[in-house]
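Chemist: Got a structure for you, questions after.
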Amino acid sequence: MRVESLLLALQCLLGFVHYSGALSTCSPLDLELIKRKRIEAIRGQILSKLRLSKEPEVDEEKESQNIPAELISVYNSTVELNEEQAAPPEQPKEDPVEEEYYAKEVHKFTIKLMEKNPDKFLWFNITDISQTLGLNRIISQVELRLLITTFPDGSEQRLELYQVIGNKSRYLESRFIPNQRKWLSFDVTQTLKDWLQRSEAEQGFQLKMADNCDPQKTFQLKIPGLVLVRGDTETLAVNMPRPHILVMSLPLDGNNSSKSRRKRQTETDQVCTDKSDGCCVRSLYIDFRKDLGWKWIHEPSGYYANYCTGSCSFVWTSENKYSQVLALYKHHNPGASAQPCRVPQVLNPLPIFYYVGRQHKVEQLSNMIVKTCKCC
C-alpha cells in the first residue's frame, strides 16, 4: 500500500511537470514593487490599528508647542521595555498565539512619593489608575520598572518583589541584581487586575534583599524615587526616574485575537543579500515623512519594518514519506516556482508618539517589525 501511494503521488507530480511547463511565467523578483506594496500596506495597517479612517490633520500650532514631559517619559519607558523583551532570533517562540491586532494604549503610573521609606514600599494610587483606564478596557500587559543605580559589591545577589496584603506580604518573584546601572522589570499583570477588582484606594509592593542566612540584611541598592529628596521641585520630581508601572490596554471591542494553527515550520532569521534567493529577511526602513508623507507621528521618525522574501525549495520534513517525490519533481522541473517565503514568524511591536488634533498620545502597535521568516 505504501509503495502504491508513493507511485500514485509520483505520477501526479510528473504529470504536473508537463502542465506547468506551458504555464510557467517566472520573472525576476521586482524588489522595488515589493517595497512599494509593503509601504502602502503599512500605511493602511497603522491607520487600522489606531482605528483611524484617515490620517489626522496636523495642527502646526500644537506641533510647535513643548511636548509634556510625562508623555515623553511614557514613550521612552515603552521603548526601553520593548528592547529588553525583544525575543532573540535564535530563540523564537514556538507555535505562538497571535497578539491582539489593534494598538494598545500605554499609560505610566509612578509610585507615591514618601519622605521616609525604610521598608522599601512601592505604593500606587489604584483610584487614579482605575479612573484613567476606565471600565471598558482589557489590560494586556503590566510591567513594574525599577532603575538600579547603585549595586552591592561581591557575590551575585537577588532582589525579591512582594505584594503587600494588609500587614503581611506575599512573595511574587525575584531578579538577579545587575552589576551595572540598569532597569529591572517585573510582570505584574495579574496583580494589577486583582487590585482593580478591590475597593482599596492604594495598593503596593515591597522590595527585599534575598538572603537565607540573614533575612534582615541591609538593603544595599540605590533605587531613585523611593524617597522624596528634600528640595525637589515639581519639575525635578517629574523627571526623576521613579519606580513605575507601564500598563498596556485596549478597548473591549478591539480584542479580536485568533489562535494560530500548530504545524511544523522552517524558520530563518537570515538577512537577505544581493545574492540571496532562499527565504530571508529583507531590510526595509520606513520614513514616516518621506515615504508616507506623515507629519502627525512625532516619535519615532521611522522604523525598520522589513519583509520576507525568497523561496523555500524544500518544505517537507524528512519524516514525510513524500519528500522524495518532491525532490524528484524539482529535479525534473527546475524552472517551477518553489513555495514562496512570505510569512513572518517573529514580529516585534512598535511604540509611537503621535498627535490627534490637539491631543498627544502614546500607543503600542503590535506585530509591526519583522524579525524572522518561515517556510510553511
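In case you wondered, yes, glycine gets a Cβ from its N, Cα and C as well.
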Chemist: So, in Swiss-Prot, which cysteine from C272, C280, C308, C312 is disulfide-paired with C373?
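Modeler: Among C272, C280, C308, C312, the record in Swiss-Prot lists C308 as the disulfide partner of C373.
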Chemist: Which of the listed positions, N125, N255, does Swiss-Prot note as N-linked glycosylation site?
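Modeler: Matching N125, N255 against Swiss-Prot annotations yields N125.
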Chemist: Based on the record in Swiss-Prot, give the one of C280, C312 in a disulfide bond with C272.
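Modeler: Disulfide mapping in Swiss-Prot sends C272 to C280.
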Chemist: Looking only at the region 'Straightjacket domain' (23-68), report the model's average pLDDT.
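Modeler: Looking only at the region 'Straightjacket domain' (23-68), pLDDT averages out to 73.
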